[in-house]
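Per TrEMBL, the feature region 'Disordered' maps to 90-110. The compositional bias 'Basic and acidic residues' annotation in TrEMBL covers 99-110. Taken from TrEMBL, the feature domain 'SAM-dependent MTase RsmB/NOP-type' covers 136-386. The feature S-adenosyl-L-methionine binding site is assigned by TrEMBL to 247, 271, 287. Taken from TrEMBL, the feature active site, nucleophile covers 340.
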Ligand SMILES: C[S@@+](CC[C@H](N)C(=O)[O-])C[C@H]1O[C@@H](n2cnc3c(N)ncnc32)[C@H](O)[C@@H]1O
């Protein structure tokens with residue numbers, strides 16, 4: 001595909017998203033209908049679409065509307081791309097820009113547009129992050145790093161780096177935690193690399209790894225909101241832990257047995273009844289459902305689809321999860337609460353509300369991970385009984 005044809009494809013996908021499809025669905029549907037597109041074409045179209053979603057407000061400002069074509073024009077104008085070289089009307093390239101489309105407005109003046117945030121989120125960023133708010137919002141406009149977790153139960157970090165390099169995946173150490181690597185070259189080769197197939201490395205954000213790396217070692221551990229099992233697998237790198245994974249939606253854990261087998265670790269999967277029967281546990285991790293705002297570089301739609309009502313609903317769920325998980329924690333045990341949210345409402349405020357409801361508990365640690373070129377935004381608190 002020519003660069004212009006890739007832009008046309010991105011416009012088609014953006015229109016499908018505007019019509020109600022989720023970004024991943026829209027991309028998959030386009031890829032199925034476009035068998036001629038190679039893997040580089042698919043990656044380029046995907047990059048265009050996610051670049052726009054991360055910067056949708058400025059793209060709409062420059063492009064004049066939220067239609068796919070306008071968003072692409074606005075985003076590429078913001079990137080100072082040569083629009084006339086892409087919008088040629090030749091082959092599958094989009095039609096040349098009209099006179100009206102060439103009349104670009106001045107740089108936006110209001111802060112929310114410049115930061116590519118909906119207005120209502122600005123105060124939440126300010127409350128949670130203070131003087132770091134703008135930097136966090138700007139970081140959300142960039143692509144996130146691709147990170148790996150070395151399965152240190154089975155291989156040393158340097159040996160894993162060598163193995164990856166043999167398959168064309170170059171990495172560097174990530175400062176957030178010892179087992180984390182940042183991929184500097186060959187990210188698309190990871191899934192076919194020996195290191196990945198043989199379970200020596202897993203794809204996992206470095207801050208997500210750091211959350212787990214700070215938890216106590218050993219004992220009986222319950223990952224109460226295990227989802228795909230990223231944190232359960234990271235917990236399992238400590239062979240002295242006995243891990244149980246649970247999720248209200250067991251389908252989310254469907255890949256976990258295979259991933260555990262690949263990693264050479266044991267993780268039991270349990271439903272709520274079994275978890276209650278087998279409890280209490282020395283460590284209960286609640287990696288709670290949240291806005292995902294710390295990871296909006298990777299799932300940029302969330303920034304535009306989150307609503308105040310949904311946020312309130314999420315905080316209610318987070319409270320319920322903490323209350324339920326507390327009853328599953330031993331008297332001397334640790335209850336860990338984590339989110340990939342930036343917002344106070346989902347983080348410190350949930351811990352405060354829990355401590356008000358349960359005065360016999362105290363917070364022994366609270367850590368925030370900023371969104372950086374090393375990892376996503378995360379929050380983790382460790383709670384124990386007095
Ligand atoms: C942030 S995701 C977990 C991600 C996962 N820990 C990882 O690292 O890959 C949150 C998970 O919580 C689950 N969940 C939502 N409500 C729950 C509840 N009341 N009890 C247990 N799990 C719940 C969701 O189904 C979702 O899979």
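Here, residue 1 is simply the first one shown, and the rest follow in order.
Glycine too: its Cβ is placed from the backbone N, Cα and C atoms.
Annotated features taken from TrEMBL, shown on the structure.
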residue	record	DSSP (3 states)
247	S-adenosyl-L-methionine binding site	coil
271	S-adenosyl-L-methionine binding site	coil
287	S-adenosyl-L-methionine binding site	strand
340	active site, nucleophile	coil
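The binding-site residues close to residue 340 (active site, nucleophile), defined as a CA atom within 10 A of its CA, are 287 out of 247, 271, 287. Other Cβ atoms within 10 Å of the Cβ of residue 271 (S-adenosyl-L-methionine binding site), summed over all protein chains shown, number 12.
When the binding-site residues 247, 271, 287 are checked against ligand 1, 247, 287 have a Cβ within less than 6 Å of one of its atoms. Confidence for the domain 'SAM-dependent MTase RsmB/NOP-type' (136-386), expressed as mean pLDDT, is 97. Under 8 Å, Cβ to Cβ, and six or more positions away along its own chain, residue 247 (S-adenosyl-L-methionine binding site) finds 225, 226, 227, 253. Counting only same-chain residues six or more apart in sequence, the Cβ atoms lying under 8 angstroms from the Cβ of residue 287 (S-adenosyl-L-methionine binding site) belong to 211, 223, 224, 225, 226, 227, 231, 338, 339. DSSP states for the compositional bias 'Basic and acidic residues' (99-110), grouped as helix (H, G, I), strand (E, B) and coil, give 4 helix, 0 strand, 8 coil.
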